[in-house]
């Protein structure tokens with residue numbers, strides 16, 4: 001099966017491309033990365049930075065996760081990301097997404113050995 005670290009990479013890493021202003025980016029990527037099977041995932045963020053840079057976030061600023069767990073970390077620098085959001089009225093199997101390129105600090109949950117990202121928690125404008 002797929003490990004949580006592998007799932008994180010499948011759902012959130014797109015190192016090879018820069019943030020796309022193409023309105024079809026999310027429709028293509030959500031399908032390509034198997035997030036429209038059985039249901040449409042409502043919100044998903046892709047990170048356009050080298051994997052090692054995202055893995056390094058696990059050793060940056062420690063923050064509390066949205067669910068109250070304490071294994072989340074915020075990136076020291078802003079990263080290029082694309083936010084995909086299911087459009088209103090979009091119904092499975094016709095999953096349609098809005099595409100928003102952004103530059104933000106990311107917050108990830110990390111676990112395991114090696115200690116790597118396993119969950120994308122949030123993205124924030126500033127470093128506070």
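The backbone N, Cα and C atoms fix where each Cβ goes, and this holds for glycine too.
Just so it is clear, the model here is predicted, and its values are computed rather than measured.
The active site, proton acceptor annotation in Swiss-Prot covers 12 and rests on similarity to another entry. Sequence annotations record features per position, and here Swiss-Prot assigns active site, proton donor to 119 based on similarity to another entry. Sequence annotations record features per position, and here Swiss-Prot assigns substrate binding site to 7, 10, 41, 42, 43, 44, 45, 66, 85. What Swiss-Prot records for 1-13 is compositional bias 'Basic and acidic residues'. Sequence annotations record features per position, and here Swiss-Prot assigns disulfide bond to 26-84, 40-95, 58-110, 65-72. What Swiss-Prot lists as N-linked glycosylation site is 34. Feature annotation from Swiss-Prot assigns region 'Disordered' to 1-24.
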TODO: Select the most exposed residue of 34, 45, where exposure means the fewest other Cβ atoms within 10 Å, treating these as the recorded positions.
DONE: 34
- [ ] Identify, among the disulfide-bonded residues 65, 72, the residue whose Cβ has the fewest other Cβ atoms within 10 Å in this structure.
- [x] 65
Task: Pairwise Cα distance for residue 7 (substrate binding site)/residue 95 (disulfide bond) [Å, integer] - done: 20
- [ ] Provide the three-state DSSP residue tally for the region 'Disordered' (1-24): helix first, then strand, then coil.
- [x] 9 helix, 1 strand, 14 coil
TODO: Name the secondary structure element type, per DSSP in three states, that contains residue 40 (disulfide bond).
DONE: coil
TODO: Please classify the secondary structure at residue 119 (active site, proton donor) using three-state DSSP.
DONE: strand
Open item on the list: Distance check, please: Cα of residue 41 (substrate binding site) against Cα of the residue listed as 'active site, proton acceptor', rounded to an integer number of angstrom.
Closed with: 13
